[in-house]
């Protein structure tokens with residue numbers, strides 16, 4: 001039960017924060033007047049969807065900000081960003097229904113009145129609401145139906161902040177329960193201000209406020225055709241982190257974007273230098289190989305809860321797909337330090353041996369550590385790995401924590417198989433390699 005609460009405390013907090021204004025809404029006006037007839041029912045439902053939509057919109061901005069307190073509350077930043085996407089989608093649907101329900105009252109008079117309702121008349125309360133909705137619809141279309149380059153998508157995504165500002169202005173300018181009730185007004189005002197402050201800071205963080213430890217590139221090593229190993233040395237203070245965590249890195253190098261990007265740390269905290277193993281997956285990562293020794297880098301973090309240290313004294317199964325080996329490199333290396341009570345089986349899944357980076361080092365760790373078993377899995381020889389095979393080789397899954405990292409399709413497939421075998425979802429931990 002403690003494990004369940006630990007992993008879902010973020011969702012629990014969201015439900016509480018959403019329920020508070022909703023419960024308050026039910027006591028502002030007598031319910032018999034809110035639901036007196038069809039028009040009143042539609043209006044009331046329009047009000048509650050608008051209220052819920054605004055709260056979830058604010059929460060999506062909050063969970064989408066890359067702050068350490070978000071990382072701690074939501075059991076890792078990747079989980080927080082997953083929640084950000086889900087509540088953002090739900091919030092958008094509710095906001096979309098908000099005007100559609102409110103227009104029912106106008107339809108009782110005439111179709112013309114309903115059409116006029118959706119036409120903005122300048123920068124008034126209704127106008128700001130329409131601008132917010134129109135901008136949100138445009139951004140959703142760009143996200144779902146038009147394939148944009150990541151940098152262009154990221155730039156367009158930032159206009160959600162403008163949509164939120166329009167929505168906030170609409171909420172506080174229109175005559176509504178927020179304007180009539182002091183508690184609701186200040187609750188929504190505080191919530192909106194907090195979400196906006198975090199979003200604006202996050203927007204400017206990379207370019208202006210990026211606070212991180214200063215490092216410099218001390219080694220660039222090409223491991224394979226598309227995987228580059230970068231070693232970073234601290235200028236003064238070194239980063240402290242848990243095995244399996246990731247950091248945001250901003251490189252100051254010609255030809256590479258100055259925005260920060262997330263990378264898993266493959267080294268151990270006891271060493272000052274940080275090792276990153278980066279696969280060329282896009283425009284940004286493909287330029288990493290061009291970094292020069294001596295160039296500056298700023299590191300912010302650490303983030304994430306994808307670490308065996310979160311589940312001490314429990315045996316574990318680690319499953320890596322391709323470059324998803326990076327967090328497990330840090331974990332396996334930390335086993336050398338001793339004082340580890342649990343046993344771990346690592347399944348390293350790649351097409352062939354040539355793709356298995358640092359395999360010799362992992363074999364050496366296995367040789368010198370009885371609690372660690374390495375299972376290289378080459379799909380060209382053995383076919384795709386399955387949950388059945390993993391359970392067979394690891395002698396079951398009872399009282400074990402299972403860690404997955406690799407391509408999304410690889411993890412979804414294995415997680416689905418594990419769940420069908422009876423593994424509890426609470427005992428499966430996965431790290432989406434990009435977000």
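Cβ coordinates are placed from backbone N, Cα and C, and glycine is handled just like the others.
Automated prediction, rather than curation, is the source of TrEMBL annotations.
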The annotated transmembrane segment range in TrEMBL, which must be one of 83-106, 227-250: 83-106
Annotated range (TrEMBL: transmembrane segment) out of 152-174, 267-289: 152-174
Residue numbers, six or more beyond the limits of the transmembrane segment (126-145), whose CB comes under 8 Å of its CB atoms: 92, 95-96, 99, 117-120, 153, 156-157, 159-160, 162-164, 166-167, 169-170, 173-174
The domain 'FAD-binding FR-type' (210-309) - residue tally per DSSP class, helix then strand then coil: 8 helix, 44 strand, 48 coil
Distal contacts, the transmembrane segment (186-204) - CB-CB under 8 A, six or more residues away: 17, 20-21, 24, 51, 54-55, 57-59, 61-62, 64-67, 158, 161, 164-165, 168, 171-172, 178
Beyond the flanks of the transmembrane segment (40-62) by 6 or more, those residues with Cβ under 8 Å of it: 14, 17-18, 21-22, 25, 33-34, 70, 84-85, 87-88, 90-95, 97-102, 104-105, 160-161, 164, 167-168, 171, 176-178, 188, 191-192, 194-196, 198-199
